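Read the structure below first, then the notes.
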Amino acid sequence: MRRPAEVGFPCRRLSSRESSGKAAVARAVRCVLKIWDTSGYFWQSAWLKLYYLLDGREWSLFLFGEFLSSQGVCVSLSLPHVTGAALVPSLAFWCFNGILMVADVTGKPAFITRYRIQLGKNDPVDTQKLRQAINTVLFNQFFVSFPMLVPMFYVMKWWGSTFSKELPTFQWFLVELSIFTLIEEILFYYSHRLVHLPLLYKHVHKKHHEWTAPIGVVSIYAHPLEHILSNMLPVMTGPMLMGSHIVSITAWFSLALVTTSISHCGYHLPFLPSPEFHDFHHLKFNQCYGVLGVLDYLHRTDEVFRQSKAYERHRVLLSLTPLSQSIPDIPKRA
């Protein structure tokens, strides 16, 4: 049998650095899988306890797990054992944004505010404007998002596997997560471009762009129509198409909620995803419409961004030195 090099396939010997790097990645993957397999019994057992506590009532499982995690709303429930499991994602949302709002309003602690992206903006934030934003966010959560979960429930019930007693494997959840992310990128990008059309921008999207320097809680500060088109549908569609398990949906909604808060938070904090991309959109309006940046690259709606200092700073910060100091903006000419 002829070797690959003899039939036209180029063979390249891996360098020691590449080999060690691939080996490290392989070890990390095996470690994660081992941890997941070890903890799998714990999560399966916890899920079954919740399942039997609610007697397998699908609407109760969907409402408590889904609505609370996707909206980030702390609601007092009559079932104390349910509240802990249901409110973890919501508490994560409000704790994360609560800490940031304290920093926005007071300018402290410095270990957060020193990572501000748009220097001199929201320093401090207008408290009246912030209250208005919170009221709009709560309205969207209770009077827009919650009603949208009703038809979603019946779609998931039709699939028949959403409320299964058996949890999905970690590998399958990663596959679903990848598909959810791609669907969100497509739907969010084009719906976002849609609301930037002059007529829709004037009457719908302009509300969200009142914050040219955004903060975390305004991630869902929007006109109700935009909240439906750009905030809810891109996140809901993936699980509905895949017939995902309620636990996968809850994890995905929680992840989407936290990451959009990071994208809007206004601080490029260490070890968190970079918010430079979407922050630049709020600053320039006609750049960086998507989530991942893939469609922006294909449609060339990130060309100004790629020529900016913000693009150089668009990476995960792995040190404690703010990127605004290590990669400062070019001073404006007098």
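Cβ atoms here come from the backbone N, Cα and C positions, even for glycine.
According to TrEMBL, the feature transmembrane segment maps to 91-112, 133-155, 170-190, 241-262. As annotated by TrEMBL, domain 'Fatty acid hydroxylase' applies to 179-301.
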Here the mean pLDDT of the domain 'Fatty acid hydroxylase' (179-301) is 95
Run through the domain 'Fatty acid hydroxylase' (179-301) and tell me, per DSSP, how many residues are helix, strand and coil.
87 helix, 1 strand, 35 coil
